[in-house]
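Copied from TrEMBL, the annotated features are:
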TRANSMEM  A:30-55  transmembrane segment
TRANSMEM  A:105-125  transmembrane segment
TRANSMEM  A:137-157  transmembrane segment
TRANSMEM  A:177-198  transmembrane segment
TRANSMEM  A:210-229  transmembrane segment
TRANSMEM  A:266-285  transmembrane segment
TRANSMEM  A:297-316  transmembrane segment
TRANSMEM  A:328-351  transmembrane segment
Amino acid sequence: MQFLYDTQQLVDTIQHLLVSMCEAYHLPPVFVVSVVAMVVALSVIGGFISVNAMMVVLAERKIAGYIQDRLGPMRVGPFGILQTAADAVKLLLKENIMPAVADKWTFFLAPVVVMAPAAMAYVVLPWSPGLIVSDLNIGLLYVMAVGSIGVIGIIMAGWSSGNKYSLLGGIRSSAQIVSYELAMSLSVIGIVMLAGSLKLSDIIVSQQDCWYIIKQPLAFILFIIAAVAECNRAPFDLPEAESELISGFHTEYGGIKFAMFFLAEYANMFVASAVCATLFLGGWNGIPGIPLSLPPIVWFLAKTYAIMFLFIWFRWTYPRIRVDQLMGFGWKVLLPLGFLNIGLTGLVMVLI
Amino acid sequence: MKMMMNIDAICSWLLPNMAFFILAVIGIVCGVLVVTVRNLVHAVLFLAVFLLSVAGLFITLNAEFLAIIQVFIFVGAIVVLFMFLIMLTYRVSDMAVPQGNKLKGVAIVTSSVLFCLIFYILKAMKWNEVSVPITGDISQIGKLLLGQFVLPFELVSFVLLVALIGAIVIGRKGE
């Protein structure tokens, strides 16, 4: 299992192997290495997104059952562990229905526009040293920018369904995302100031001695609230509010198109948790001061799923808030606190 | 061995240039569609694709920071705000509502004058070759913005502030 600890070396060895193979068979090395890297990265990310969504949906239903003092899914397979697999098959086999008044192309493209940015964000996630598809210099900005494209898909879905509830869901989503995106970007500026870099691997390395959750507790709270809102999850799930909008922007979607919205929600949730683990919990580093040696990728996944558990816990604990409360909270509480955090961080940095 | 180098050389030339041509065609087509389609929501969606293609062009120029900021601000915020306003406006996506006005002649004259102006300025301008190594280092941009170009930078933020106050004043008039 040594290779799990030294992933940088693993990646380098594979690359050298490929290059020497190319030289032996007279193939262009740059071309082959980049094609192989692309294919491997895309298949791993694609597979991970679907398997992760299935697991997390099951976990969510089980945790919801536990919180509400019931068993959750129990019928399919032992303890219901095959429930989400059965659900996925059911969704894939369902008939594709399009409302007569729907705007055809927009309706068709909306799930794609939601899903594609969610998958794009995985490109910069730092799984383990060396195991990053592309360690961009502006990785943090990239995650935020890509995450903000998805909302266009939600608005497209809401508008093209030709249904008032869906339209309301789309409008709510646009207002919500614009407000909370601001709070989210402000909350991470403190970390960027401390780390001096937007590169996610640099931010992790700078946390070797002390996690930023200790240095930036206010930013952590702001970030997690904004992340829950960006993922459209309860208590901020106003765009899909079942009891008011009969699930809002995806009311008219069924079968595989609905499955894509579902997949995108869980893919986004993983990205938000992974970024949170990277920024505040030290990413692939172990806990400072505790001599527990685990492979970096295990640390990363453990922290990410811990934050995901927090997300699920929120959903089954807090009631949904009203639209005016949502906007007021975003603009009058989170935004000023974000500015305060930047000011305080700057002040402390100048004094120390 | 020689063929192998050739393919690599072709790949390293073709990929960025191909990306440029594809992005340029997408940008031009979507730019034309933005001003010609009847449905306003479609126009905004095409605007989003246009802005994304411009972001792609920035990436082919190694200006990743600009590209990301382009996506972040224009696609993520401005287009979303446009959509929000269009959906709140009464009957705006209705086919019966005229989407243009009757000023075609004026529009043609102004846009062709503007086009000629930009074209000749670009042609007459002497471009300085700057040999600064291109890095994705945004601290350089930050230092320039708050050092050499601090005055225009602050001026721009002042203009934004004026726009903000103006919007609030107009919005409050009804009360």
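Cβ from N, Cα, C; glycine included.
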Cβ under 8 Å to the transmembrane segment (A:297-316), counting only same-chain residues 6 or more beyond its ends: which ones?
4, 7, 56, 59-60, 63-64, 67-68, 126-128, 131, 224, 227-228, 231, 233-235, 237, 269-270, 272-274, 276-278, 281-286
Given a Cβ distance threshold of under 8 angstroms, which distant residues of the chain, six or more beyond its ends, lie next to the transmembrane segment (A:105-125)?
41, 45-46, 48-49, 98-99, 132-136, 139, 142-143, 146-147, 149-150, 152-154, 156-157, 159-161, 200, 252-253, 257-258, 260-261, 263-264, 267-268, 271, 274-275, 278
Mind checking which residues reach the transmembrane segment (A:137-157)? Cβ under 8 Å, same chain, six or more beyond either end.
106-107, 109-118, 120-121, 123-124, 126, 166, 169-171, 173-174, 177, 181, 184-185, 188, 192, 197-201, 203, 230, 232, 239, 249-250, 253, 261, 264, 268, 271-272, 275, 279
